[in-house]
Amino acid sequence: MIIAANWKMNPDLETAGMLASRLAGISFGNVKRVLFAPHPYIIPMSIRLAQSDITLGGQDCHTAESGAHTGDVSALMLRDSGATMVLVGHSERRSDHGEDDALIMAKANAALAHNLDVMICVGETRNDREAGNAESVVLAQLQGSIPKAMDPARLIVAYEPVWAIGTGLVPSSEDIAAMHENISSWLSSAFPNRGDTHIPVLYGGSVKPGNAAEILSLPAVDGALVGGASLDADGFEAICAAASNVA
Ligand SMILES: O=C[C@H](O)COP(=O)(O)O
């Protein structure tokens, strides 16, 4: 089980420090926790989390190692700042910044070149689902954004239906399980030589303490990518506890 907190563009630094200290002060043994912090917080959070078992990640990276890219952050910078993972292809990057699958694959390759693990997000829009295209859209995103030659041990996939993010809406358990099984099946075909390496597939989209146990107990769900609820220490701990009970 992996439970990842994506703070997005939140919170203020003082609150971030308090949240990180809470996270660092408790362990869930069989649950791997990840924190995707805003870029300016990577160094202070790496200090706060230094004695903990929490993996620190960036929320995005550029394709280049360095250069004239004002406002961007490279995978090398993230690595040098204490991150060991990066999130790429989040739907908010796809929609806010027009990122497409080819760019996301290039970012994943840049991350791998600097020894960062990569969590790649995929997910359909409401229109895609209503048109019956959810599966084909997600499989096309996997095909387009996951580097063919990547080490599967460095890959995590997060399935996040766009219409479930921050809305309080969640797909039915049957729909989540079906999509996760489709993704797992695609990954098995894409990485036929992965041996015993399991590629985790997380669910994201309005995961809360009240629905975490049900979602996390579904077949082929290996954890959760949590946005809003990760900004509340009690709520995030409750989700981690639910994961611990399932694991
Ligand atoms: O990265 C996290 C997801 O976008 C889910 O966000 P949410 O839990 O606020 O719906």
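FYI, residue positions are counted from 1 along the chain as it appears here.
The backbone N, Cα and C atoms fix where each Cβ goes, glycine too.
Among the candidates Gly29, Gly58, Gly67, Gly166, the one that TrEMBL lists alongside Asn6, Trp7, Lys8, Ser206, Gly227, Gly228 as binding substrate is Gly166. Those residues noted as binding substrate (Asn6, Trp7, Lys8, Gly166, Ser206, Gly227, Gly228) have their most widely separated CA atoms at a distance of 14 Å. Of the listed binding-site residues, namely Asn6, Ser206, the sparsest CB environment within 10 A is found at Ser206. Reduced to three states, the DSSP call for Asn6 (substrate binding site) is strand. Listed in sequence order, the recorded positions from Asn6, Trp7, His90, Gly227, Gly228 having a Cα within 10 Å of the Cα of Glu160 (active site, proton acceptor) are His90.
When Cβ atoms from all protein chains are considered, those within 10 Å of His90 (active site, electrophile) total 28, not counting its own. Reduced to three states, the DSSP call for Gly166 (substrate binding site) is coil.
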